[in-house]
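**Student:** Feature list, courtesy of Swiss-Prot:
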SIGNAL    1-22  signal peptide
DOMAIN    39-278  domain 'Peptidase S1'
DISULFID  C72-C88  disulfide bond
ACT_SITE  H87  active site, charge relay system
ACT_SITE  D134  active site, charge relay system
DISULFID  C198-C218  disulfide bond
SITE      D228  site 'Required for specificity'
DISULFID  C230-C254  disulfide bond
ACT_SITE  S234  active site, charge relay system
Amino acid sequence: MSSSWIVGLLAFLVSLVALTQGLPLLEDLDEKSVPDGRIVGGYATDIAQVPYQISLRYKGITTPENPFRHRCGGSIFNETTIVTAAHCVIGTVASQYKVVAGTNFQTGSDGVITNVKEIVMHEGYYSGAAYNNDIAILFVDPPLPLNNFTIKAIKLALEQPIEGTVSKVSGWGTTSPGGYSSNQLLAVDVPIVSNELCDQDYEDFGDETYRITSAMLCAGKRGVGGADACQGDSGGPLAVRDELYGVVSWGNSCALPNYPGVYANVAYLRPWIDAVLAGL
């Protein structure tokens, strides 16, 4: 058996893994859904309001004739570095992605398009708890032309947000469970929920692996619902005053009163991010 044939087979298997693990679906979790950044109860916004937001577009290895399609969101850290969710990129390779910045839409060729050259996924992803350490760093080339208007870097949080602080989540996707995705960039404002309360809310969700860890933070209108991130755009930003506090990760369905959205905790994961960047 030739080595080239083996490489081709491995690439095909990786592509299959990506379809099942890269974007978890409702049926994958026995009627437990994983928010991937779909905005529920939000409003149309302009990229100038969230200029750090990017569209991460994907194409399967076995379908090179297909166009790159929006898969996840992400945030610009600097001209060559994007922060996104680990579950967006697990089982895939860099050449399957392009990053589009400075656009209001998840389709089309407006905005600035660049290539993903390297993916660094947290080595502790899913260790100890479902979706634990759900973060990844993408390196792109050519560099993004930052302009402080539609393409702008965002600072990474160093401290935990205070409970009740209103945060902004942005992204593309459907506006209701099972609905159609939005081509227009959307945003929603949600208050931070303490990890203690969030863990109580998720106590009866799934098995014991679905718990809230220090590597996560929660946000949502607890007891009210109606506003949340959800399936369709994982990896997108949760920001407070133009500072990145969270990366859209998972949760139970969308905008339910007693199930806040769960995000990767940027402040807690900052040492890992800094170590990755220092290793360049």
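Cβ coordinates are placed from backbone N, Cα and C, and glycine is handled just like the others.
Predicted, not measured: the structure shown is a model, and the values here were computed from it.
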**Student:** Looking at the domain 'Peptidase S1' (39-278) alone, can you tell me the average pLDDT?
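**Tutor:** Over the domain 'Peptidase S1' (39-278), the predicted model scores a mean pLDDT of 90.
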**Student:** Cα-Cα, whole number of Å: D134 (active site, charge relay system) versus S234 (active site, charge relay system)?
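**Tutor:** Distance (Cα to Cα, whole Å): 10 Å.
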**Student:** How many Å separate the Cα atoms of C218 (disulfide bond) and S234 (active site, charge relay system)?
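**Tutor:** Just about 15 Å between their Cα atoms.
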**Student:** Across all protein chains in the structure, which of the recorded positions H87, C198, S234 has the highest Cβ count within 10 Å?
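**Tutor:** Of H87, C198, S234, the one with the most crowded Cβ is S234.
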**Student:** To the nearest Å, how far is the Cα of H87 (active site, charge relay system) from the Cα of C72 (disulfide bond)?
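**Tutor:** Given the Cα positions, H87 (active site, charge relay system) is 10 Å from C72 (disulfide bond).
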**Student:** Could you measure between C198 (disulfide bond) and S234 (active site, charge relay system) for me? Cα positions, answer in whole angstrom.
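**Tutor:** C198 (disulfide bond) and S234 (active site, charge relay system) have their Cα atoms 19 Å apart.
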**Student:** I want to verify one value. Collapsing DSSP to three states, which class is D134 (active site, charge relay system)?
**Tutor:** coil
**Student:** To the nearest Å, how far is the Cα of C88 (disulfide bond) from the Cα of S234 (active site, charge relay system)?
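**Tutor:** The Cα atom of C88 (disulfide bond) is 7 Å away from the Cα atom of S234 (active site, charge relay system).
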**Student:** In the three-state scheme derived from DSSP, which category covers S234 (active site, charge relay system)?
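**Tutor:** The residue in question, S234 (active site, charge relay system), is coil (DSSP, three-state).
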